[in-house]
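Asks: One structure, pasted below without further comment.
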Amino acid sequence: MRIILLGPPGAGKGTQSERIVQRFGIPQLSTGDMLRAAVAAGTPVGLEAKAVMESGGLVSDRIVVGIVADRIEEPDARRGFILDGFPRTVAQAEALGEMLASKGLSLSAVVELKVDENALVGRIEKRAAETLARGQAVRKDDTPEVFKQRLEAYRAQTAPLSAYYAQKGTLETVDGMQPIDKVTADLMAVLEPHEERVAS
């Protein structure tokens, strides 16, 4: 089962990804972790990434897709994986699709956690106020201002992925504003039919 979980910052992707990993026994593949591991291992693609990072450049989509391609060949990913932090753009989604197709694979499901962005901002503001009320400092990345910037970046860059996968017929949506356990139950209901197709 090959899964992508989409949703804005604060939607609960981290929590739900952990539960998917536990339920289906597939690894969560974080592009950041994979990059660091490839660099440390000195793989051809890792060496290429290292040179780019050391020069202060951004690692290209081609390099990231190459790292994902290497990682999914490892034994623990044979039954599938959940991608974390990738793809972030439609161009990356297209490159990922081409790479999987070249291996005779495809995505099982792309699930978007749908949330009310105003409610998310409200949650962050409430959390910041509670932290201040306890006499503690609010972490810079937990301030409502920074959170709003992250939401805007998501809307501009990553939100178009929903339309891209919807057009391909692979997008499923789950209401991310529900209690955490209800979100998990809805996610499992969406994902479990794909598990049977893989097993048969």
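Cβ from N, Cα, C; glycine included.
Okay, so Swiss-Prot annotates it like this:
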{"type": "BINDING", "residues": "Gly10, Ala11, Gly12, Lys13, Gly14, Thr15, Arg127, Gln178", "note": "ATP binding site"}
{"type": "BINDING", "residues": "Thr31, Arg36, Gly57, Leu58, Val59, Gly85, Phe86, Pro87, Arg88, Gln92, Arg139, Arg150", "note": "AMP binding site"}
{"type": "REGION", "residues": "30-59", "note": "region 'NMP'"}
{"type": "REGION", "residues": "126-142", "note": "region 'LID'"}
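Situate these features within the shown structure.
Replies: Taking all protein chains in view, 11 other C-beta atoms sit within 10 angstroms of the C-beta of Thr15 (ATP binding site).
Remark: Val59 (AMP binding site) has Leu35, Ala49, Val52, Met53 as non-local neighbours, by Cβ distance under 8 Å and separation of at least 6 in sequence.
Mean predicted confidence for the region 'NMP' (30-59): the pLDDT average there is 88.
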Asks: How many angstrom lie between the most widely spaced Cα atoms of the AMP binders Thr31, Arg36, Gly57, Leu58, Val59, Gly85, Phe86, Pro87, Arg88, Gln92, Arg139, Arg150?
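Replies: That value is 31 Å for the farthest Cα pair.
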Asks: What's the CA-CA gap between Thr31 (AMP binding site) and Lys13 (ATP binding site) in angstrom, rounded?
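Replies: Just about 15 Å between their Cα atoms.
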Asks: With H, G and I counted as helix, E and B as strand and the rest as coil, say where DSSP puts Arg88 (AMP binding site).
Replies: coil
Asks: Sorted by position, what residues of the same chain at least six away from Ala11 (ATP binding site) have a C-beta under 8 A from it?
Replies: Leu113, Val115, Leu120, Gly176
Asks: Across the listed ATP-binding residues, Gly10, Ala11, Gly12, Lys13, Gly14, Thr15, Arg127, Gln178, what is the farthest Cα to Cα distance, given in whole Å?
Replies: 19
